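Asker: The active site, proton acceptor annotation in Swiss-Prot covers 168, 287. For 116, 166, 170, 288, 320, 372, the entry in Swiss-Prot reads substrate binding site, with the evidence type sequence analysis. Residues annotated as Mg(2+) binding site in Swiss-Prot: 194, 196, 197. What Swiss-Prot lists as N6,N6,N6-trimethyllysine is 7, and the listing cites sequence analysis. The annotation N6-carboxylysine is assigned in Swiss-Prot to 194. Per Swiss-Prot, site 'Transition state stabilizer' is recorded for 327.
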């Protein structure tokens, strides 16, 4: 019989994976999980189970454990705190050694950290609240194709938020009518128009026709306004090869920016696309379709700030980030927390804003947050104040729903934005005087009135 110090059988995870005296290393990836254990399961066991199942552990002791150094490779639950105001919920902090992850692969990072552990029997619910990505790991990623400053230089637009608009109705228009709507919005004063996330290549409008008519609209609007314009051409497709074919065609048309649905399209496809965009001078707009499936529940899934960090590593120049005002859910402090994580280089830990770890991006380019979803001109003062200059304010129905049509809707948005930026620069309080500022501007602009 075998007796080489190996004992088969099931033992508590906490004996191996709960290490409250562990000192985290600068190279560790740190995770904050919100854990709801099943009744009767101690918090330490639940936290240790998460650390084990998302790193080296399995449900029983195996003899091949002796062939490697568990101490070097195992995840460790190093701290647990009860969630204030919630019964039987804990924040469990887990540290993962860097060697567990493939360099430059968001796909592998998520497969390890959240791949298997969420179906675990000992847990009633589990949510990944935040990740600390060490510079040693973030430096293995290209990050955004261009970033905020390069985008401003490409567009030659400074000192104000950018304006966008999603073309509506999002499905059903022919390519030519779609291009016409794009032209009217850009001609009226917007910087960008956008394909909706589910506009790919449907029977009523194939992608190539849409790309051609949109390119024509962009060039016509640029010639008439003297400003650089763009339309987010959605290149998301059923296969990566098809996606790259569409992006290549967009580049040949001279389009400045393309778009990708990064959660439905997948991180592997997104990172591939981001590398192509940097190599070929294309900006990359990211839509977060499907995010609420993952981040809506408060006690299970993954917080959007984690998806936002992952996107900054995988690559994208814009990403939708909720609005704080409008039709889609978003709490102000939390939203501002992940907006900073997208844009800034160094973000201090701040639990009030949901930031569990200090994050140092070591000069990785920033991502512009896009505010969209049920917003209109009366929200403009609040949006300008909350999001600041480095943002895209995206109005769909708020432009195209104008009683006079698309171009006047775009004019109204642009006038409102310029009025708010000027008022802010003159030192006025947008939060208090916002409505008054818009009313004053409306005296000079029948479209806004």
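Cβ coordinates come from backbone N, Cα and C, glycine included.
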Asker: Among all the protein chains here, how many other CB atoms are within 10 A of the CB of residue 372 (substrate binding site)?
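Answerer: Taking all protein chains shown, residue 372 (substrate binding site) has 24 Cβ neighbours within 10 Å.
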Asker: Below 8 Å Cβ to Cβ and six or more residues apart, same chain only. Which residues does that give for residue 116 (substrate binding site)?
Answerer: 53, 54
Asker: Cβ atoms within 10 Å, counted per site: which of 168, 170, 287, 288, 320 has the most, among these recorded positions?
Answerer: 287
Asker: Rounded to an integer, what is the Cα-Cα distance in Å between residue 194 (Mg(2+) binding site) and residue 287 (active site, proton acceptor)?
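Answerer: About 10 Å separates the two Cα atoms.
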Asker: If you measure from the C-alpha of residue 287 (active site, proton acceptor), which of the recorded positions 166, 168, 170, 196, 197, 320 fall inside 10 Å?
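Answerer: Neighbours among recorded positions, in sequence order: 196, 197, 320.
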Asker: So which binding-site residues are near residue 168 (active site, proton acceptor), with CA atoms within 10 Å, out of 196, 288, 320, 372?
Answerer: 196
Asker: In sequence order, which residues at least six apart in the same chain have a CB under 8 Å from the CB of residue 196 (Mg(2+) binding site)?
Answerer: 166, 167, 168, 170, 171, 234
Asker: Of the binding-site residues 288, 320, 372, which one sits closest to residue 197 (Mg(2+) binding site) when you measure Cα to Cα?
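Answerer: Result: the closest of the binding-site residues to residue 197 (Mg(2+) binding site) is 288.
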Asker: Compute the mean position of the Cβ atoms of 194, 196, 197, which form the recorded Mg(2+) site, and then list in sequence order the other residues of that chain whose Cβ is within 8 Å of it.
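Answerer: Going along the sequence, the neighbours appear as 166, 167, 170, 195, 198, 199, 232, 234, 259, 287.
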Asker: Using a 10 Å cut-off on Cβ-Cβ distances across all protein chains shown, tell me which of the binding-site residues (166, 194, 197) has the largest neighbour count.
Answerer: 194
Asker: Need one number for the substrate-binding residues 116, 166, 170, 288, 320, 372: the maximum pairwise CA distance in Å, whole number please.
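Answerer: Among the residues the record ties to substrate, max Cα distance equals 37 Å.
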Asker: Return one of helix, strand or coil for residue 170 (substrate binding site), based on DSSP.
Answerer: coil
